[in-house]
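Novice: The domain 'L-asparaginase N-terminal' annotation in TrEMBL covers 6-151. According to TrEMBL, the feature active site, O-isoaspartyl threonine intermediate maps to Thr14. TrEMBL lists Thr14, Thr91 with the feature active site. What TrEMBL lists as substrate binding site is Ser60, Thr91, Asp92.
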Amino acid sequence: MQKKSIYVAYTGGTIGMQRSEQGYIPVSGHLQRQLALMPEFHRPEMPDFTIHEYTPLMDSSDMTPEDWQHIAEDIKAHYDDYDGFVILHGTDTMAYTASALSFMLENLGKPVIVTGSQIPLAELRSDGQINLLNALYVAANYPINEVTLFF
């Protein structure tokens, strides 16, 4: 059986932040480097996934309807190439984004799962690892053909 393929739209948020002297900051490529070091994301039962990192990474407290449109267009542009979609997003407005996308992406035949974390993925006690693992697994294995929130 062929592995499912999931498109991950990394818009920003705490999940991918890196510790610095100023606190946690968004750093391009940091999320991908951390995921490469975590064997649970590469187990045989996990789907293949492609991460598209947005430039610049967005602070979800500054998210606008134009940003929602950009995310929806990104999903539509890749819709035929993937089995499901995960949107990594900051927690401040993820519920608003999920709601907006549910109206913008109607009649879906594939899952679109919005998730994030309150603690960066690379930090001890991060909720990001389990949230992303589950979002990827659900997107690949369950017929939830709508926009959902996994948090």
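Backbone N, Cα and C atoms are what each Cβ position is placed from, and that goes for glycine too.
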Novice: Per DSSP, how many helix, strand and coil residues does the domain 'L-asparaginase N-terminal' (6-151) have?
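Specialist: Counting residues per DSSP class in the domain 'L-asparaginase N-terminal' (6-151), I get 59 helix, 38 strand, 49 coil.
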Novice: Ten-angstrom check, please: count other Cβ atoms within 10 Å of the Cβ of Ser60 (substrate binding site), all chains counted.
Specialist: 19
Novice: Would you list, in sequence order, the residues of this chain other than Ser60, Thr91, Asp92 that have their CB within 8 A of the centroid of the site's CB atoms, where the site is the one recorded for substrate?
Specialist: Gly13, Thr14, Asp59, Ser61, Met63, His89, Gly90, Thr93, Met94, Gly116
Novice: Rounded to an integer, what is the Cα-Cα distance in Å between the residue listed as 'active site, O-isoaspartyl threonine intermediate' and Thr91 (substrate binding site)?
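Specialist: Approximately 8 Å lies between the Cα of the residue listed as 'active site, O-isoaspartyl threonine intermediate' and that of Thr91 (substrate binding site).
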Novice: Does Asp92 (substrate binding site) have same-chain partners at least 6 apart in sequence with Cβ under 8 Å from its own Cβ, and which are they?
Specialist: Asp59, Ser60, Ser61, Met63
Novice: Based on the record's binding annotation for substrate (Ser60, Thr91, Asp92), what whole-number value in Å is the widest Cα to Cα distance?
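Specialist: Taking every pair of listed residues, the largest Cα separation comes to 7 Å.
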Novice: How many other Cβ atoms are found within 10 Å of the Cβ atom of Thr14 (active site, O-isoaspartyl threonine intermediate), counting all protein chains shown?
Specialist: 23
Novice: What is the Cβ neighbour count of Thr91 (substrate binding site) at a 10 Å cut-off, with all protein chains included?
Specialist: 17
